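*Asks:* My structure is below; once you've seen it, I'll send some questions.
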Amino acid sequence: MSNIRILRQKKSKKSKKKIRIVRLWQLCLNSVVETAFHRNLPYMKKTSFYFDFRVSDISICYSSLTFQKVHEKVCIISQPTSFKLTEDSFWMRTCKNEDSMFYCSYICFQGNAIKTYKYNVLTFLPLNLYEQFKRAANLYFLCLLILQIIPQISTLPWYTTLVPLVLVLGITAIKDLVDDLARHRMDKEINNRRCDVLLNGRFEETRWMNLQVGDVVRIKKNDFIPADILLLSSSNPNSLCYVETAELDGETNLKFKMGLKVTDERLQEEDQLARYNALILCEEPNNRLDKFMGTMIWDSQSYALDLDNMLLRGCKIRNTDVCHGLVIFAGNDTKIMRNGGKTRFKRTRIDILMNYMVYTIFALLVLLCAGLAIGHTYWYESIGSKAWYLYDGLGYSSSTRGFLSFWGYIIILNTMVPISLYVSVEVIRLGQSKFINWDLQMYYADKDTPAKARTTTLNEQLGQIEYIFSDKTGTLTQNIMAFKKCTITGLTYGETNHQYLETSHSMVSPVDFSWNKYADKKFQFEDHFLVSCIRSKKDPQIHEFFKLLSLCHTVMVEHKGDELVYQAASPDEGALVTAACNFGYVFLSRTQDTITILEMDHEETYEMLALLDFNSDRKRMSIILRFPDGKIRLYCKGADTVIYQRLDANSKNIETTQEALDIFANETLRTLCLCYKDISQAEFDAWSQKHQAASVSMGNREEALDTVYEEIEENLLLIGATAIEDKLQDGVPETIAKLAKANIKIWVLTGDKKETAENIGYSCQLLTDNMKIHYGEDVKQTQRRNDPQGRNKKLKEQFFTESGNNALVITGGWLNEILYEKKKKRRRLRLKKLRKRFTNSTNPPDSNQPVDDWEKEKRQEDFVDMACECSAVICCRVTPKQKANVVSLVKRYKKAVTLSIGDGANDVNMIKTADIGVGISGQEGMQAVMSSDYAFAQFRYLQRLLLVHGRWSYIRMCKFLRYFFYKNFAFTLVHFWFSFFNGFSSQTAYEDWFITLYNVCYSSLPVLLVGLLDQDVNDKLSLRFPKLYLPGQQGSLFNYKNFFISLFHGIFTSLMIFFIPYGAFLQTMGQDGEAPSDYQSFAVVAASSLIITVNLQISLNTSYWTFVNFFAVIGSIAIYFGVMFDIHSAGIHVILPTTFTFTGAASNALRQPYLWLTIILTVGICLLPVICIQFLYQTIWPSVGDKVRSLKNVIMRNILG
């Protein structure tokens, strides 16, 4: 078996390295072993842990370290260690020696078996109940149930609370059980997958669950990768391996991985793999899918490891027959499992408001119960204690009875806090999410991509969006790049009116690339002069330009017959390599240290000495090559802002190239500058040593590499620049125009040049000709530092006094002055010095530097105020972190509901920061989609998501909540009025089973369907009249005003439901001579009036009628009467006489005609004011929705007339 150590390192707070030993291997140092011999220690101690240590089991090598597997539970290290106990293992670090003490560590290693399920047979019931009772509402009703068991305070049978509580808990438990059973099946299937592992010098088949860190595995074509594995070798040349990452990040396009050159050459056969003996130092397990940092030490040589060398669990091997790898992370330590954790929970405004309203209801409940308890105390003192027929023999004082009455009313009035509210809300949200998923008008047929609601908790928030933050490339544009123009040594190519072009038709037609057998037939270019210059080979700079494009990249190539298929990490890079290929500079192949290209008619291979990769901070990439003649040259391409800072003073054509860049930007083309630098052998050797040290550094490797890169990327010589076209998506201008009419402000955050971003703004109608454009560098912010009252008084001044629309264009550099996001430690020192200098001097410090945190906050607030006065904002040259910070500032200072939309990995932070994140499944992969709350394929679908689904969801949820609170107030407060006539004795106004079933069967379905199906206007009118969106932004349909309206409406309804039957029952006589003026008959009449009233009330509030709504209203009333006659029948009373006590009450009461008249009168008086108010509002104060519906009715009448 191969001898391998894997150490994972992490810096502690004291900058000391922590080492976690994760493989079951023995490290024997002769000093430790000799000391153990001399002291004859049979045991080695680590606090309270003791382990058997037998020296005879150890292999000793006095000249060097020996790695020997001794025991899978024991590891000896060269120095004593301090430790911290974690769930699965010990974290250890080196510390000072102690006499007569050696430390052994018991390592509980992470196996490869995974466990994603939460429950088993024994733990399901207790764990699930524990999780559900962590919710305040469920716990509250459990406490009520316990109170109902106490005889002294119980005013309702226990089943009145138990039945709805069990129903709610049961539905949730069944859902959790179904989900967990699916996880059980998935875990079993995955853990029992098979793979080959190297055991005893040969590969043997084993289950995934048996793999351990340090195992060497063999994976075959179309196999899933069982763990996070270091690629050692493969059957492809240069250990190239193609993987499909669909299960990891949702992308279906293939990615390539490549093993190190040293492992490719020396680890191809079984016997070579069995002798593999190396030390792997790597990072701690983490969830970053885009990063891995490690170092392999083998034969006294260090080799840097990065993500390109790793095969991650969950991926699938494609186009590769066999590959070999070393398990680095296993089981729950793998990156895909680390990403399975909970994401940040987003809550809607309605959620927060609803919780506060529930707290308000609970406070009202306590106040009501306290008042009724006081009333009972005084009543018993003055009346109850003196009435002989009320004597119960308990001997309680009036205060004690008042105390018990308080808890009795807590039980009776508990329905003010609705137990089914949260469950009903989740059902409605789930249904609304399904409607989004099923919307065919948001389905993109070209890519077979439907819209997807990836969360069910934010639907109504879609109807309240105030600010949209959008990426440009791939979000507003198609992200399908096409090489259009270029400038080389000051001359621009690609224009059809080029000064050298003739006016003949043949010269303005597309260039014929048939002379190049590798040319892409889809490539279009119209400048014949550039092609003639290339083929003439007269201009060496043109030669260098296209040679740079064919060499400086990370593209991989796949040969399919005579056709070349390029696999590019970004569309930009693929477009440039394809362009070079069409012009005769064909990228043919690459290995770990060579690149081969076809330069017109001859093939050349260049030795790759170093690749200085691209990232969002560097905004450039470079490659250092050794030419066949031995010359060393650096090629670099990147954004003009960073390239121009690194140009040599003697570089030519700087001004003319800049002019061309400005022209390209005005035409909304994406630009890159190209440059080069020749390097001497001595200079490269010195730099290479620094690069090697930085590349194997385990601490701050990225920062160290950036510093080394900076040293070599200077004094560059400019060649020219490229211009790539990225067209707008279909429907973008129309979408932005409609969202603007809905009072939604759109900010574009992009990394492109200011001119490019600005022109895209005009193209998509974000910027219009009647807007006044303001640039951040030219705008003076209000200074509040010297205002003596500024810290206590919030000044609100208009930044733009001009009338009309304003737009703001700012850059990332200007934004840095607002955010102060870099060099935090250095900034704190600078602020400290500035404060000290400002204190000792009468002269204020530089206005560009903040004096303290207050000044920093005020500048940020000024920026937000200024930007929010504008109709449109464009932030260009911004980093992913700046995008997220801008969103955060608007959320913090404007308390606005924000939405971020993007398509790439650089948009993930912005998407996660916003209240709602939308991902577009475009050309840059699925990272944005995987981090989003909603996803679709085209930007134009955003208008339907917000103006239709978002608006409908908001209106439905508001209507549902208003009515839900109303019907519960109307139901519960009848008990309150009844208490004034029963001595505040906690007697209920209804029959017990009616209380139990009211929210479950009699009134739940109609309001649930309104929350799912209601719509004030159809989708076409919602899109045609964007002003309909405004009520959601204003929050006017559900707030505390609406809550108290529902409360007073419920109070009015409860008054009518109690006092009208009460008045009708006074001194009455039935037609048969009987007096139905008893408590049970009154309860039947009151309950019947309530059920009919609340169901007809929701009918008045229903805007969109379907058969289902009609059936639900009629069915709920029918179910009530059917159940009532059943539970009041004599037959069920005989079976359970103590439970069903209202025997014959319904049939006795409802056979009296005047009681039916009482019910009709009660319902009519309850509904008549509502009808009148609705009529007055629609006639005198119509809403936007009322006006649109009226307009629709007029149009329909005209059409029919």
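Placed from the backbone N, Cα and C atoms, the Cβ positions cover glycine too.
Whatever TrEMBL says is automated annotation, not expert-curated.
Computed from a predicted structure; not experimentally measured.
According to TrEMBL:
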- Asp471: active site, 4-aspartylphosphate intermediate (ACT_SITE)
- Asp471, Lys472, Thr473, Glu573, Phe614, Lys637, Arg670, Thr750, Gly751, Asp752, Arg877, Lys883, Asn906, Asp907: ATP binding site (BINDING)
- Asp471, Thr473, Asp903, Asp907: Mg(2+) binding site (BINDING)
- 839-850: compositional bias 'Polar residues' (COMPBIAS)
- 109-162: domain 'P-type ATPase N-terminal' (DOMAIN)
- 929-1183: domain 'P-type ATPase C-terminal' (DOMAIN)
- 835-856: region 'Disordered' (REGION)
*Asks:* State the Cα to Cα distance, in Å, between Asp903 (Mg(2+) binding site) and Arg670 (ATP binding site), rounded to an integer.
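*Replies:* With distance taken Cα to Cα, Arg670 (ATP binding site) is 17 Å from Asp903 (Mg(2+) binding site).
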*Asks:* Per DSSP, what is the helix/strand/coil residue tally across the domain 'P-type ATPase N-terminal' (109-162)?
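*Replies:* Helix, strand and coil residues of the domain 'P-type ATPase N-terminal' (109-162) number 28 helix, 0 strand, 26 coil.
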*Asks:* Which residues, sitting 6 or more apart from Arg670 (ATP binding site) on the same chain, put a CB under 8 Å from its CB?
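*Replies:* Spatial neighbours, sequence-distant, of Arg670 (ATP binding site): Thr473, Met481, Asp572, Ala723, Ile724, Glu725, Asp726, Asp752, Thr756.
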*Asks:* Give me the count of other Cβ atoms within 10 A of the Cβ belonging to Asp903 (Mg(2+) binding site).
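*Replies:* So the Cβ neighbour count for Asp903 (Mg(2+) binding site) comes to 32.
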*Asks:* Using all protein chains in view, find how many other C-beta atoms are within 10 Å of the C-beta of Asp471 (active site, 4-aspartylphosphate intermediate).
*Replies:* 29
*Asks:* Given the binding-site residues Phe614, Gly751, Arg877, which one's Cα is the least distant from that of the residue listed as 'active site, 4-aspartylphosphate intermediate'?
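*Replies:* Answer for the nearest of the binding-site residues: Gly751.
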*Asks:* Round to the nearest Å and give the CA-to-CA distance linking Arg877 (ATP binding site) with Asp907 (Mg(2+) binding site).
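*Replies:* Counting only the Cα atoms, the answer is 14 Å.
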*Asks:* Near Asp907 (Mg(2+) binding site), which residues of its chain come within a Cβ-Cβ distance under 8 Å, counting only those 6 or more away in sequence?
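*Replies:* Spatial neighbours, sequence-distant, of Asp907 (Mg(2+) binding site): Asp471, Thr475, Pro880, Lys883, Ser900, Ile901, Gly919, Ala928.
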*Asks:* Under a criterion of Cβ-Cβ distance under 8 Å and sequence separation of at least 6, what residues of the same chain contact Phe614 (ATP binding site)?
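*Replies:* Within the chain, Phe614 (ATP binding site) has Cβ neighbours under 8 Å at Arg620, Met621, Gly638.
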*Asks:* At a 10 A cut-off on CB-CB distances, which of the binding-site residues Thr473, Gly751, Arg877, Asn906 has the highest count?
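*Replies:* The largest 10 Å Cβ neighbour count belongs to Thr473.
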